[in-house]
Amino acid sequence: EDAAEESNVSAELIALRKRLVDEWNAWRALRKRELADERGHRAGRRSPSSEDKEEIE
Amino acid sequence: MRPILLQGHERSLTQIKFNREGDLLFSCSKDHVINVWFSHNGERLGTYNGHNGTIWTVDVDPESKFMVSGSADNTLRLWSVQTGKNLFTWEFPTAVKRVDFNDDGTQVVCITEQRMGHQCAIRVFEINRDGDGSDQSPDPIYFFNPIGSKATVCAFTNVPDVIFTGHESGKVALFNLKKEEEMNNNERAHGDTVTDLQLSKDRTYCITSSKDKSARIHDTKTLQVIKTFTTETPLNSASLMPNRPYVLLGGGQEAMSVTTTSLRQGKFETRFWHKIFEEEVGRVKGHFGPINTNLLCFWGEDGFVRVHHFDDSFFKAKPYGDLEIAD
């Protein structure tokens, strides 16, 4: 019945939710890409003990 | 959705943790023991004996080989998950309130309590994974006292040597262990004590709960608050549901008033919130701990763990339409 109720939500609300999801997905995609890059770097250097390069801005 | 009741603790539970696969559930309690259970049927697999005080915290490594626990007996202990053997014990001047393994199980971070002239301290130990695990160094590789308000929760981020901390004041911070400096903080992340912390699978974001009645999702890189979930009761716990866009928030009343109010009165509730829309979508009576893909796990002051299995319809349902939401 939750699903049925949701079908009545206004167009504005649907637009808002779409925007929120788009923002979330864009942020997730960015962080996932960065993480993959960083892990690639670390694996490439093959010296797990000397990782002082990582900086969080 | 009849819950499986895990009976085996004689006093209230303090923390529960699933292993990475989600087939094992570890619970620790004020009764000085740690139990491990099969999460699918609630059968007890074993007990870890050795602590002489309330066990506040537990964590298991990604291979389910080693488990660590922290206790009011002022020790941090390393255990063999399989044999139940206490492999190594580290001793401190005060109680251990929180432990966390890093991503590959090679380091453990722990928080010790501020008490009797001792400052709150955070230590990191290297875990030697060779052999049977009993050959460990007694000395931490990192040791520091958090700046300002004492730390209540902590966890490794995905950046080596950087940990995320939550504090009594409501502050959250990023601390670089190697440089021994606070890299970034958000003094106003919460208005009161941070009570729980859980990182996302890739550790790029996390959720915190607080006595200030809210839970928040933070970017673990920038500490930017991404989402806020505001409730009407102090929260003891917050959890991210893997692969579904929901968070679970547990709370109900101050720990102090637990003894005067029956659990049955329904003061403790688990709230389901939509992670993206910041809307409450449902409630279940009872408290809760961490969850895996198809389990919801409650723990109560009565010493029981209740494990609920979600049925397929829950995972297939798309109450908000066809929007694809990244984990």
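The backbone N, Cα and C atoms fix where each Cβ goes, glycine too.
Feature annotations, reproduced from TrEMBL:
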REPEAT    B:6-47  repeat 'WD'
REPEAT    B:48-89  repeat 'WD'
REPEAT    B:187-228  repeat 'WD'
Problem - Contact set, same chain, for the repeat 'WD' (B:48-89): CB under 8 Å, 6 or more residues outside the stretch - result: 14-17, 19-21, 24, 26-30, 32-36, 95-101, 103-105, 108, 110-112, 125, 127, 129, 132-134, 136
Problem - For the repeat 'WD' (B:48-89), residues assigned helix / strand / coil by DSSP - result: 0 helix, 23 strand, 19 coil
